[in-house]
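For reference, the structure is listed below as C-alpha cells.
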Ligand SMILES: Nc1ncnc2c1ncn2[C@@H]1O[C@H](COP(=O)(O)OP(=O)(O)O)[C@@H](O)[C@H]1O
Ligand SMILES: [Mg+2]
C-alpha cells in the first residue's frame, strides 16, 4: 500500500481492481434500475403500524428492487430446449425457470423473484422487495414482535414482488423459503406464508439454508468463482471454503456473532436502529479516529471471540458517560469508541480470513451477510487480498443484507438438480449449519 | 507500494536483515497466514534456516499492528524456546528482532502434515468417509501419524503452553532418520516426526479450557481440511489422552467447548 488507509476520507479509498469491476457492474444495475423504475409503480410507502398497541414500533418500507444482473457461469440444467418465443405453459418450450423466495430468519422480511435462463444459466433478478422491522433505540428486536411484523406484511410484500416482476403466477416453478438458521418464530411465520403460496398455486416447495443463500447470491453477483467466504451477520460469523460438495466452516466466532456484538454495543450507546445499528456505528466511526482505545484482541487460529471485547467496550462507554479521560488524557467520544471497536473487530475478521486463505491456498475472498456492507471492513479486506495478489468481492446492501432473492436463487439452484421439500417436511430449524447442506449443483 | 501482481511472490521487498550478503540468496518459501517465510543460509552456509518475517499489515490500524506484531514474535520465540527445553519437537530459535518483525529459526526439512495427509488420501480412489474408516488396514500408516500428532500436542500441553492455531498446516513432518516403510510406498508419505511450528498465537496456559479450545480448533481444521479422514480424528484424541496427566480433564472440557460451538449457530 502506498499509504495507510486508516482515517482517510471515503472519497479517496483504495480499491483493488476487482472493486472497480464491481462498481462498474453496480453502475450497470443502477442504470437498468432507473430505466425500469419509471415503468413500475413502487409499492405504496406508508404502511399502518401493527394492530397491537406497539406505538414505539417504527416500521419502514424499503423498495429495493428491479435489479438486473448477469453472470457468465454456465450451469447444468435438465433440458436445453430453446424456442424463439417463450410460451410459459408448455414446459418443453421453457426458456427460463423462475423461483419466488421468502426470507424472514431475523428482522427483515424479504420476497424476491429470480429467473435462470435454461441454456446459459444466466440469473436475472425480477424483483427483490424487503421490509425491515426496526425496534426503538436501546432495544433489540424480539422474536414475537418480529414474527408479528412478518405475518402482517407477508401478503403486501409478496404482492409487490409479483407486480414488480411482472410475470404471471403460472410461470413460477417453485416457492423457496428459509428453513434456517434463524429465530424460530419469524422463520415459522414466513414458512407458513410460503406453504400457503405453494398450496394456493400448486407449486413445489424448496427449503433453503440461509447461509448457503448468502454464499450463492454473492458468488453469482460478484462472479467470484471459488472464494474463501467470510459470512458476517447479526447471528453468524463464519469463514467458509468449498470442498467436496459442501461449504466447510474453517473458522467461526466461539461466542457471540460479530453483528450481535455491534448491535449490542449500539444499544449500549443508544444509537438508532434505523436503518441498522451497524450502519450507524459505521457512520459514527468515520467521525472518530483521533485515538485507538485499547480493546482485547481475541483470535484463536481461524476462530475468534467477541464477548470479551463487548464487555470492555461497554465498560469504556460507562467511563465515557462518567466523564473519565482516555489514554491520552483527553475525554473520548462515542465516535472514538465506535472507531476503536470497528478497527479491532474487523482486524480480527480480516486476520482469520487471511489465515483460511493461506490454509486452503486461495486468493479470492467474498464477503457476505449484513456486516459485509460495512465499507471499512471491505476496505481492510481489500488491502489484505491485494497483498496476497488476490481480490475481494462484496455486494451492496440489496444483496448482503438478508433478502428474498438469495433464497430464491439458492433454492432454484437446488431445484434444478431435482431437489424439492415435500409439504410435510417443510419445517424450520433454528440451528442449521452451513456444512449440513449437500451442494449438488457445484463440482 | 509493496506488491499486487497476480503471483504476488518474489516481488516483496526483502526485510533488511536479508539484504546482507550470504552464501546463497534467500528464497521466499511461502506467504503464510501472517508473514513471509524465507529460507536462507544467512547464519552459516551449511545451516539453512528459516526467517519468518511479519511485515506491517496495511489493513490494520498502525498502533494495533505494531502491538500485535511485537507481541506475537516475542510470544512465539518464548514458547519455542521453552518447548525446545522440555523436549517438544519444535524448530530451534536462532535470533529474533521483535521490532523489525522477524525471527530466525531452524529449518525443518520436510513437508507440512496437511500436504502429507492429502497426498496419502489422494492415492486412493474417490471414496466416502465411511469407506475410509472401514478400510482400517489401509489406514494404519495414517492412523499412526494421527497418533503421533496427538502425542506431540499432548507433549506441548504438558509443558504448560497452548498453541492457539493448531492445524495440519502448522505441523511439519520431518522424515525419520532411518526410514521404515519401503521406498515409494504409500506409508512413506506419512512417515516422520511431527514438528510443531507457527507459535504466533501461543500462550503460556495450563487451563483445561485453553487446552480444550486448542483441540477444538485442531478438530475442526482437520475435519474441514481432510473431510475424507474426518472419522479418523478420534485417534488423535486417543493418543492425546495417554500423553500427559491432565489430558483427561482437557478432553472432558472439549465436550463443553463443542456444545458451545454447536449452540452458537442459532441466528441467521
Ligand atoms: N522451520 C521451518 N522449516 C521449514 N518450513 C517452515 C518452517 N517454518 C515454516 N515453514 C513453512 O512456512 C509455512 C508458513 O509458516 P508459519 O510459521 O506457519 O507461518 P504463518 O504464521 O504465516 O502461517 C509453513 O506451512 C511451512 O511450509
Ligand atoms: Mg501457519
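Glycine is no exception: its Cβ is also placed from the backbone N, Cα and C atoms.
TrEMBL entries are annotated by machine, without manual review.
Because the structure is a prediction, the values reported are computed rather than measured.
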- According to TrEMBL, A:231, A:232, A:233, A:234, A:235, A:278, A:282, A:374 bind substrate; which one of A:255, A:263, A:303 is listed for that same site? A:263
- Task: Check TrEMBL for me: it has A:210, A:214, A:231 binding divalent metal cation, so pick out which one of A:336, A:396, A:402 it puts in that same site.
- Result: A:402
- Message: Using Cβ atoms only, which residues of the same chain lie under 8 Å from residue A:374 (substrate binding site) while being at least 6 residues apart in sequence?
- Response: A:278, A:282, A:342, A:346
- Note on the structure: Span of A:231, A:232, A:233, A:234, A:235, A:263, A:278, A:282, A:374 as binders of substrate, largest Cα separation rounded to whole Å, comes out at 18
- Message: What whole-number Å value do you get for the CA-CA distance of residue A:214 (divalent metal cation binding site) and residue A:233 (substrate binding site)?
- Response: 10
- Query: Which residues of the same chain, at least 6 positions away in sequence, have a Cβ lying under 8 Å from the Cβ of residue A:210 (divalent metal cation binding site)?
  - Reply: A:103, A:105, A:178, A:179, A:180, A:181, A:182, A:402, A:407, A:432
- Query: Among the binding-site residues A:214, A:231, A:233, A:235, A:374, which ones place their CB within a distance below 8 Å of a chain B CB?
  - Reply: A:233, A:235
- What is the number of other Cβ atoms found within 10 Å of the Cβ of residue A:402 (divalent metal cation binding site)? 28
